Amino acid sequence: MAKKLRFQSPTGMHDILPEEQYYFQRINKVSEHIAGFYDFKKIDTPILEDAELFSRGVGLSTDIVQKQMYVLKTRGGDFLALRPECTAPIVRSFLQHGMFNLPQPVKLWYFGPFFRAEHPQAGRYRQFWQVGFEILEEKSSVVDAQMIQIFYNILQELRLKNLIVEVNSIGDSQCRPYYKKLLTSYLKVRESALCLDCKRRFRKNPLRVLDCKDEKCQQIKSQAPQILDHLCDECNHHFKEVLEFLDELELPYRLNSHLVRGLDYYTKTVFEIFSDVNPDKKNAANGSQVNEGMTSLAMGGGGRYDALAKLIGGRDVAAVGGAMGVERIIQAMKARRIKFAEEASAQIFIAQLGNLAKRKSLKILEEFRKEKITAAETFGKDSLKFQLNKANKLGVRYVLILGQKEALEKTILIKDMISGKQDTVKLDKIVDEIKKRLKRR
Ligand code: HAM
């Protein structure tokens, strides 16, 4: 057995190898295109933030803050956290840079790495990438629906099928406290039957019990009072409008009264989007977020967070947003064997033989680069057979061959790989000749 190398990437953190880059670039490109269409501007925030931004914003009692945050103490004694998510940093940035002075709403999007010390398993990493969209300073319910539409569009453009949107409303500071009380009394008398995790968290955050995947809690969950029956008039009206907009958009959604999300900053609308990850094996257990018997993993989620800006020391900023996990999207794309046409490869190949030819080839390569003609080469290899084989594999139309004789005569050979025809051309005319031939095709 091969000896295990001393150094491996940290548990739950992975290299993005060249073959994976292609998926990342594709998701980034599709997101960028859609962001442009809906007039979102790109934002990047630091990888490290004041840890308190998350304990206040995401919530002290959440798993993210309690168990999953990587926190480091600086030499100066500050506590910084590797960002576990981007909504709190974006609201921080919005307030810090006085973005309320910009034309409203402010629409921002991001694509970057995030960190959560989770138990690594399929689709759950300690460093993962998210693509996210946030609309700040807009309270209209129409943008809640638009936000869901944006994520749906991205996944559809990536050719993912069987997408399911789950929506719920978790109320606001008017109606949620009463519902929490109701739920707590319901759970209190059933506490002994709850799973260990829920026993621990139900007093601080009873809503999280509704999200529990443990078998033990399922029956208790199913008979629990439902928040939708206890929304205040404003939340009820807002949610009704969101559903009407989704109907208008013909987005296939379903109500999930147990959807509460794992971050504390949400008010009113919350949503998650699932895709069938394992279309070939309908019932295989796969991933951590198995959804009611279906092999599904949350591609993304989000919701409204009108109270977040105030929680982190600002003023009220009505806002809605969401984020999707890039690795999860890739996993779903791979499961569906989604491939895209390869990017345009090299148009020509430059083969060389001998030292003088090698020197001249280096220069010709630069001339082609300036003319934006993509040229491949393997200058480190001297065998002509190797070079021609490589050109063949790349499927280029023209191979330029520069041998010792041609280098001395200041000429070069063009071999048409389809017709097999060879022509000798003056070296200082080669770029024009290739331009002409490529234009003709
Ligand atoms: P979240 O549900 O925690 O929400 O994460 C969004 C998505 O990121 C998840 O649906 C999942 O696809 C991906 N994700 C989360 N954790 C991991 C992990 N450990 N490994 C791989 N992928 C993961 C948020 O982060 C909110 N900030 C979303 C939001 C934006 N809400 C409003 N605006």
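Cβ from N, Cα, C; glycine included.
Residues annotated as L-histidine binding site in TrEMBL: GLU85, CYS86, THR87, ARG116, GLN130, GLU134, ARG261, TYR265, TYR266. DSSP assigns ARG261 (L-histidine binding site) to coil in the three-state reduction, outside any helix or strand. Other Cβ atoms within 10 Å of the Cβ of ARG261 (L-histidine binding site) number 20 in total over all chains.
According to TrEMBL, the domain 'Aminoacyl-transfer RNA synthetases class-II family profile' annotation covers 32-333.
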Among THR87, GLN130 [binding-site residues], residue with fewest other Cβ within 10 Å: GLN130
Local backbone state of THR87 (L-histidine binding site), from DSSP in three classes: helix
For the binding-site residues GLU85, TYR266, the one whose C-beta sees the most other C-beta atoms within 10 angstroms: TYR266
Across the domain 'Aminoacyl-transfer RNA synthetases class-II family profile' (32-333), average pLDDT on the 0 to 100 scale: 91
